[in-house]
Amino acid sequence: MESDEEIRRVPEVGSEPAGPSTSSREPGSTTGSDRAQASAEPGQRKRGKNPADKEHKRLKRLLRNRVSAQQARERKKAYLSELETKVKDLESKNSELEERLSTLLNENQMLRHILKNTTVSRRESSSSVSGE
């Protein structure tokens, strides 16, 4: 199993790969000048990649993936922080509105009571004036 440092380390293109040595030439592998000749011939393409290129690509992909995952975690953390701030603000506003509602209900009830008393006293005074 590779350590985190080994996985994070991306070798340079010209350096030896982290795996087994590839100093012996494999049949079918090409050098720089052979590649130029092979690519110069029409209809021929290099099909396989050498192990060093594959390992380099794999390490670069792992590193990009780790960076991307870290950025996603940071975005998520910022988003959650923003949501928590919104929740606090909305809870505060909700408390203020509940308090205002309670005050207005009490005021409404008090005004209804005053109106009822005023109406009853007017009826009594008008009925006593009419009854005389």
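Just so you know, glycine gets a Cβ as well, placed from its N, Cα and C.
What TrEMBL records for this protein:
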type	residues	note
COMPBIAS	1-11	compositional bias 'Basic and acidic residues'
REGION	1-76	region 'Disordered'
COMPBIAS	20-36	compositional bias 'Polar residues'
DOMAIN	55-118	domain 'BZIP'
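The DSSP breakdown of the domain 'BZIP' (55-118) into helical (H, G, I), extended (E, B) and coil residues amounts to 64 helix, 0 strand, 0 coil. For the domain 'BZIP' (55-118), the model gives a mean pLDDT of 97.
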